[in-house]
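Notes for the one structure printed next.
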Amino acid sequence: MAPERRSRLSETAGLFVSLLALTSIVPVQAVATVPQTDYAKRAERVLRSAPLIDGHNDLPYAIRKSTRDQIYDGKLPFETSLKGHTDLPRMRKGRMGGQFWSVFIACPSDPNAPIDLPTFATRDTLEQIDVARRLVDKYSKDLMFCDNPGCAKRAFRQGKIGSFLGIEGGHQVGSSIAALRQAFYAGARYMTITHNCDNAWATAASTVRAGKPDLGMTDFGPALIKEMNRLGMLVDLSHVSHQSMRDILKVTKAPVIFSHSSAYEVSKHLRNVPDDVLKTVAKNNGVVMVTFVRTFVNVDDPDSVDVNTIVKHIFHIAKVAGWDHVGLGGDYDGTTELPKGLEDVSKYPYLIEKVLEAGATEEQARKLVGENVLRVWTEVEQIAKKIQRSGALPVEEVWKGRNGTALSERSTFIEGPAPLAYGCD
């Protein structure tokens with residue numbers, strides 16, 4: 001080989017080695033340039049690396065109340081500014097990576113109404129699923145409808161906000177497992193077992209707050225949980241009574257979520273989760289998503305609540321259950337009682353700053369903002385696939401206390417000659 005060629009090769013090799021060394025050093029230097037005490041930049045780094053997924057937002061119900069689910073007439077400026085807590089610019093400012101939209105419909109106004117009182121709740125729930133999905137479709141440049149955790153991760157990689165649906169109360173499906181199944185097929189991926197009323201499956205926390213006994217889960221409850229486990233639908237224990245929490249955790253085969261609840265030991269409100277349940281949630285591999293409602297997080301002095309109150313709840317749950325079992329579920333647009341510093345969805349980066357300032361590592365913060373709930377959702381799906389592969393069929397059990405002729409009256413269709421008419425002319 002000619003001397004000049006050897007010289008050029010040597011120079012090229014030396015340059016390559018130098019560049020290789022430089023590339024191995026620069027990222028380390030770039031990371032090191034963010035001081036540990038620069039919590040804003042560290043929070044930004046967390047939110048770039050993990051999707052911030054909120055467990056509960058009531059914007060679809062706010063749309064129903066304000067526009068009767070009309071979103072195409074120009075009266076819902078979601079892309080610019082809405083009066084409530086949530087719109088697209090504020091979601092972007094809040095660095096949100098995913099949102100469980102609640103397709104909420106209220107319990108009957110009479111707290112003493114029979115559980116099987118005929119209502120329009122199931123119809124209205126389908127309308128809320130419809131408007132939520134139409135909203136996501138309308139703003140598909142920024143939002144992506146997802147019904148599985150893989151899609152949620154893909155949305156984050158594409159710079160979109162994953163949008164998922166949750167039903168807030170078993171009354172919304174008429175205490176019917178078949179109706180629940182259809183809601184799942186329509187895209188709902190969690191159901192809160194009760195809202196502020198008992199149903200055929202469990203006792204609500206609001207019932208106990210009203211001075212009535214905590215009867216926990218009903219005899220029909222295990223059938224519901226069995227079907228939700230089979231489907232791969234997240235079991236949400238926010239709003240249920242403390243005994244209902246304990247009973248359901250005994251029968252579920254999959255991790256549970258609390259979509260918007262905080263720590264009972266910090267604030268003695270029955271909507272919060274007691275320590276013994278937090279420990280069981282850890283064994284169950286579930287997640288408690290901390291809510292921001294002032295009267296929940298400081299029952300004694302709600303006016304004093306600020307972002308540090310929420311940090312206190314987060315750290316208590318992390319201490320009792322572990323950092324693998326805590327998340328965020330603000331309840332934006334479902335309450336007017338929000339902490340100072342967390343007035344709308346744009347404030348999430350500030351919360352993460354405060355969590356880091358209080359001593360959490362960035363790894364712990366990533367778990368908090370979204371990795372935990374995605375892990376739970378993934379495990380719920382894996383368990384469902386295993387159950388389905390075992391040959392488990394859809395649950396057909398019907399609540400014995402239900403009204404309605406077709407299922408509550410026995411006919412001779414199977415046992416003897418069919419009648420000439422079934423009364424369905």
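Quick reminder: no glycine exception, Cβ is built from N, Cα and C everywhere.
It should be emphasised that the depicted structure is a prediction, and the values quoted were computed from it without experimental measurement.
What Swiss-Prot annotates here:
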- His56, Asp58, Glu168: Zn(2+) 1 binding site (BINDING)
- Glu168, His239, His260: Zn(2+) 2 binding site (BINDING)
- His195, Arg271, Asp331: substrate binding site (BINDING)
- Cys107-Cys197: disulfide bond (DISULFID)
- Asn403: N-linked glycosylation site (CARBOHYD)
- 1-31: signal peptide (SIGNAL)
- Query: Cβ within 8 Å of the Zn(2+) 1 site's Cβ centroid: which residues qualify beyond His56, Asp58, Glu168?
  - Reply: Asn57, Tyr61, Phe100, Ser102, Phe104, Gly166, Thr192, Ser259, His260, Asp331, Gly334
- Item | DSSP three-state assignment for His56 (Zn(2+) 1 binding site) | strand
- Message: Pairwise over His195, Arg271, Asp331, annotated as binding substrate, what's the top Cα to Cα distance to the nearest Å?
- Response: 14
- CB neighbours within 10 A of Arg271 (substrate binding site), counting all protein chains shown, number 25
- Task: Do me a favour and check the Cα-Cα span between His56 (Zn(2+) 1 binding site) and Arg271 (substrate binding site); whole Å is fine.
- Result: 14
- Task: May I ask for the distance between Cys107 (disulfide bond) and His195 (substrate binding site), taken between their Cα atoms and rounded to an integer number of Å?
- Result: 7
- Separation of alpha carbons, Asp331 (substrate binding site) and Asn403 (N-linked glycosylation site) (Å): 34
- Message: Please list, in sequence order, every residue of the chain apart from Glu168, His239, His260 whose Cβ lies within 8 Å of the Cβ centroid of the Zn(2+) 2 site.
- Response: His56, Ser102, Phe104, Gly169, Thr192, His195, Asp236, Ser238, Ser259, Ser261, Asp331
- Query: Reported as an integer number of Å, what is the Cα distance between Arg271 (substrate binding site) and Asp58 (Zn(2+) 1 binding site)?
  - Reply: 17
- Query: Which of the recorded positions Asp58, Glu168, Cys197, Asp331 has its Cα nearest to the Cα of His260 (Zn(2+) 2 binding site)?
  - Reply: Asp331
